[in-house]
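Take a look at the structure below.
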Amino acid sequence: MKRNGKVSPMEEELVPNDTVELQHVIQAESVQETGAVQMPPCETEEDLELSDWIPKHIKRRECCSFMEKPSKKGADDETPDEKKVCYCGREKQAHTPEARESSIPDKWTVHSHTKHLPTNAFGEVEFKMFNDRSGKYVRVAGDTNMEIMTELLMDKWNLELPNLLISVTGGAKNFTMKPRLKEVFRRGLVKAGQSTGAWIITGGMNAGVMKHVGEAVLDYTVAAGSRQKLVTIGIATWGCVASKEQLTDLAAGDKKSEGLWPAMYKPQKNNKRAASLDPNHTHFILVDQGTELIFGEEIDFRAALENEIAKQKNAVDTTIPIVLVVVEGGPGTIHTVHSAIMNGTPAVIVDGSGRAADIFAFAYKFSREVVIPVVDQTGAKKSKTITVIDEFTDKKITEMVKEEFGETNLIQNVTYIKESLIHRDLVTVFTIDQRETAKDIDVAILHALLKANRNETLTQLRLALAWNRIDVAESEIFTDDYKLDQGGFNQVMQTAVLAGKVQFISLFLDNGINLHDFLTMERLEDLYDSIPENSYLNTLIDLFRDPKRKGMCVNLYDIAMVIQELMGDSYSPLYTRDPRYYGEDDEESQLPMRRHSMTEGHMSTAASSSDLDQNHEYFDVPARELFVFAVLMNRMEMSKLFWERLEEPIGAALTAAQMLQTMQKHTEDTELQSKLRKHGQYYEEIACGVLNECHLSDEARASQELLIRELPNYGNSTCLQLAVEGDNKTFISHACCQSLLNQIWMGKMSHKNKLWRIWLSILFPPLLLGLIYFREDEQSRFANKNKGKQDNPRGLKRQRSAYPIKKKASDAGPGAKNLGDEGLDIRNTGRKLTWYDRIRFFYNAPLTTFLHNCISYLCFLMLFSYILLTNFYPTVSTAEYILMVWVFTLLVEEVRQLLADDASVFRLKLMSYIYDAWNVVDVVTLLFFLTGTVLRLIPGCEGCFEAARIVLALNLMTFWFRILHIFSVQKTLGPMLVMIGRMVIDLLGFFVILMVFVLAYGLASQAILYPNVDLTPVIIVDVLRKAYWQMYGELFLEDIEGITDCTTDLAGNSTLPRCPSEAGTWVTPILLGLYILFTNILMFNLLIAMFSYTFDKVKENTDHYWHYQRYFLIYEYHTRPPLAPPLIILSHIYLSIRTVLRICCKKAHNAGKRNVFKWRIKDEGVSKRLNKWEFMNGEEFIRRRAHLHKATMEMQVMDSKNMLETASVNVEALKDAMLGMRSKQQALANKEPSYLEERFNSIEEQLETTFQALHWIVQNMSGQAKGNPPKLQDPKQRKIEEEEKKNDLAKQEKERYMMMLSEQVRLHVKSRTSPYPEAGPDVKRFQVPDANVPWTVPFPEYSPTEYTSPVVLEGPDWADPDILNSKPEKKLSFNEYDKTYKVNRKSFEGQYKIDKNGLPLNPKGRTGLMGRGLLGRWGPNFSGDPVVTRWKRGENGQIVVEDGRKVLEFVAIQHKDGNREWGIPGGIIQPGQNVLDCLRMEFAEEAMGEDAADSSQRKNEKLEQLIQKGQKVYEGYADDPRNTDNAWLETTAYNYHDEEGKILETLNLKAGASVEHVAWQPVSSKIQLYGGHLNTLRQVALNRNAAF
């Protein structure tokens, strides 16, 4: 197990000097009190649950065996026994008695010398000195299962899963950050966390970068208040926390702890070695390894937790991305960044923050990318970029590291920095001095993650979607070179729809997402089934779905039930018209809805019938399904987006408006009602807007076709029907709707007919043949009008008129039929009418039917009035019989209206019938008549006859009230009826309040005037009678004051009324005055005000109310039989006979009169043209609306504001750029002088020399010169000397680099890198300082990680048995040829040591890892590296020369596994295999793409010719990341050089199976290669005298 010396994000703990520095710099506080302040136990249910769960699942560690740590004083140490320190860091007296007596002889490790105990430090910490800020905390063992930790975070601490994990690392010491950088860093970090829903993870201490993060969170918390908290998790070492006793439940002792709720945390200031927690973090995880004041114990735990969180799936079905933010920092930061990048985690370097961050930023900026041609596995040629670090940059990096951190681990730190730059796509530098960084650091963080996934567009999209950063998606993802993968994008699109990310949906649609391919039935059901449980739609589904399906997955039939309830029974949802939507046929009988066969054109299916069960159907109008989904979810912006893509925008808008209006009635949430109302009003407005555009484009087509055509996609309804069902008065009042209603009202009659013509024709029927004009009579006029039509000046081409002169019967329009058919069309048929046609058209017109009914009704009222006034005797007269028959026909007509309703079940028919208030009046009136008639016919009952007279008189009154319905057709009187209705409703409410005053006064006055009266009905009548009539001025003062004759006899012997009490005569008038004041003045004026308000409100919308009423009147008389009562009974008999015959003959039901309110288009071409025309007008409306919206003052102000903000940002960026020029110039000055700068320096020196010479000449001419003339240097000689000096410096730099490269090999830096290849991020090496690498250097704290790959442990042929954990049957022989296993175990490095456990030790020293790792053999594992080279040639064929030496090229490969580093081809030499055969085979496999079998059996002639010229260049230890303490690689490298280039000219390179790319690369020290391959190339360059 790993213990001491680990790499920590807190930096300085890696080396002893840094640890001491950190411990003295941190402003920690010691404990003044001996124990923590114990708080009351938890009170909330959540706390109780945590108190029970945490001790059961989370443990702490405690040292169970004291092992004295050697003192630095050695033998001179006089420390008392109790003060001696254990390896765990605690004094002996701090151990339990059992731990003091326990003795475990092995080396102290966490695993063997500590034990698990239930944690006793958890709960809620409250920072007393920081305004009582609080956060949750827990003490956990370092080996706690990460699944338990994620359960704690998300289930117990109730944290929402993040969309991003920001791991902040950097300096643990307090450091100063520039004000501008500090502001940008804090603002950007918080913005990144807030906009992406991120978690921020730090070291949790109140120092260094952790303190900066905490202060940033504090600023955000103050700004946001308590609305939202930014999750900031501090992961620290428990043993390094100051005053941790205050966090411990000391009162629990050995018992189960219940935690501290809260723990009052106030760290003291006399402890200079520990660090206090930062008060601005929201959560703390304190990692306990049983140690004290040993930094870095949390590192492995933190890395494991971050990796576990990263494995979780977020809302967009992606793993949680991690980004490392680096601020300042020490050597530990370099190691942390290197490990993160090697694991594929992107890093954002904050340039200007200091130390390690600045070094990384410098290296990134001054290294460069070079594009090289490569060949992949298919042999295709591509371009690939590699990172090149020149000598100056390498030197500067080394100097900066040395200056900041000294010589300790210098080579390793420099190597880590350079290796990190191999993956430049994982490194992003945030520099405040650059123009583009006028943006905050949040953009840099997001760009870093996008760069890390630049080749994975879907991953980038999911990330941008999770962050909700549409700007990033537009600028970084949907570029010119992106390629659309419809299949992959579908899931992202589904996530965007479900999450309501409108901007992303629009972006996807604009960039090629095909809704037809996206939306399948299965995906739509998945969308509905995935809606949040707390959504309003989910409530509606549970409310309206079939009770048998409660708790089941949501399917489209459930949605159909919701739509049906919202839209009414006249609406037939699409999902109820095909069995595929609601399951098996045998379940159909149990479903309440009627089923229809699939309407043509609703759904198309590419799959065969066998595929239908797999739900692979595709909708013809997918935008409609998504539009309905958005409306049901009340997502206004998303519904707008899909509405704009619909070809039937009016029907869609009206459907949405009605849905939203009905949804308001099923919720009591006022805020939700307001949103639904606003959403519904929007769709009412746009429905009218599009209709207006269509009306302006073609009035006739809009009114005669658009409004009444059947909409299969919207319940087989029409636009007009949807508007009526949705109570959309504005739509009904539109001129287009009124034009249609006018034509329906007139029937086939022309509008040229004056009303007197129609009245004369009604009174004298033969006159209609000459007086009445019909539409066919206007043929010539309409023909001329159509002939003269021109294109619409609005830009939309006018279509053919809705009134063609001649049409086929099938094309004549809405429901047009031949004249001989049963139905009648209101359009011009284009033919000459016969006398029979004229008569039939006249009497079938709704206007004619209305006038006939008016005459009939007036006659009925006259008859009824005559009977009651003059002819109502006990004996029934003939007139009464006629009246009874007449009323009976009225009753039959009401029954017909009830049964003729479009609803499917009687309950809905009845509800629809009662919805009309006039129908209620009809029912009441008929019941009155029935009651009066029954009473009138009872024989021998005089009282019944009188009662009948009264009832029938009241009935006559109601019949006269019924005549008001006729007035609704009149534009002036119609709205007045609405006013009366509204005022009656107001009056009812007013009357309830008024009765309170009436009863209060009436009871009080009666009790005062006439006390102690017997309770009789007369009292109640008197109380109400007097109080009521007194409101109208009948004051009854005589009775109150006792002026009239009265008696005081209470026995009831007198016939006179009782006299009022003496007190009542003066008290009651006072009450009466107050009563009159309240009722007459206050209440009645209030009533007048209410009526005035109602009047004004109705008057504002007079036309809307009248037009809306007029529709129902026209519809009623359009559907009525043409005969008026009582002759209407003949029509009823005819309809009944026809219905019976059709039922007997099993013919489809068809109304007797054609319904001109609905037109079913059978011609698909006509339907498409109409849809296209409506869609074009919808687009015109959208364009016009956007233009008007943009022209509003509000939008102009917003545009001006945006322009000012943009200008402000540009000015700020320019200012930052100007202020940053100095630092940029200084950075450039550190680099080698440019040619121009050298020329300036040279000219300056020459001018100075010339000035000195001229000065001497002047002095000499004046006789004042002293000494010899100045020596003038020859410019050419000076230039030569400068070149020589420059070459000497370059040579020295080259030698320094060579020495550093040799030192790197000696310290085998690559063999000490973490994490271990192909083992995951959890397998990290124990950190070994450069000084402690040799085995000869004592390193008592050394505790290497043990790791052997599972593949090796399986025991393949190429692997030795495991001798670390078991004893093999056959012993291995080291430092010689092992005859038992037939393996050569001699090392090129000479004799290597064997430890006490019989394990071979790496000849180069410690690596931080024991075992074999990926290597099969204990000890040396031999490999071969073929270095195939040629001279690099330019375009002219000449060899390229640098620094006077020719440049070599070598064949390089890029492996798929690991970190995809470039290197030399090669592989492990198997026992018994010849080195040359291995080199040949490995080169053929990896660089030429040949199979192993082919490469071993056949030989490439060119390759064989090249191999013959091979030269051994190296044989020895290979610095390889796979090396361990007990297994290492030793290589033999051969150089195969083609001097003329002719052999390799025809050799085809091709990447092998295990290789991603193969390419020719220059032999140079500027490139970064795998392992120790660069050292091999250096040897090749030396042998060939080539540039390096």
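Glycine is no exception: its Cβ is also placed from the backbone N, Cα and C atoms.
TrEMBL entries are annotated by machine, without manual review.
According to TrEMBL, the transmembrane segment annotation covers 756-774 (among others). Counting only same-chain residues 6+ beyond the ends of the transmembrane segment (756-774), those with a CB under 8 A from a CB of the stretch are 748-750, 833, 835, 838-839, 841-842, 847-848, 851-852, 855.
Nonlocal intrachain contacts for the transmembrane segment (841-866), taken as residues 6+ away from its ends with a CB within less than 8 angstroms of a stretch CB, comprise 744-749, 758-759, 761-762, 768, 772, 774, 824, 833, 879, 882-883, 886, 956, 959-960, 962-963, 966, 969, 1113-1114, 1117-1118, 1120-1126, 1153. TrEMBL lists 841-866 (among others) with the feature transmembrane segment.
Residues or ranges marked as transmembrane segment by TrEMBL: 913-935 (among others).
Marked as transmembrane segment by TrEMBL: 947-964 (among others).
Under the heading transmembrane segment, TrEMBL lists 984-1004 (among others).
The transmembrane segment annotation in TrEMBL covers 1070-1091 (among others). Listed by sequence, the residues of this chain that lie at least six past the ends of the transmembrane segment (1070-1091) yet keep a Cβ under 8 A from its Cβ atoms are 983, 986-987, 990, 993-994, 997-998, 1001, 1004-1005, 1008, 1027, 1030-1031, 1035, 1040.
Sequence annotations record features per position, and here TrEMBL assigns region 'Disordered' to 1262-1289.
Here TrEMBL flags 1273-1289 as compositional bias 'Basic and acidic residues'.
Sequence annotations record features per position, and here TrEMBL assigns domain 'Nudix hydrolase' to 1430-1583.
Outside the transmembrane segment (984-1004) by six or more residues, the chain places 1023-1024, 1026-1028, 1031, 1071-1072, 1075, 1078-1079, 1083, 1086-1087, 1090-1091, 1094 with a CB less than 8 A from a CB of the stretch. For the domain 'Nudix hydrolase' (1430-1583), the mean pLDDT of the prediction comes to 81.
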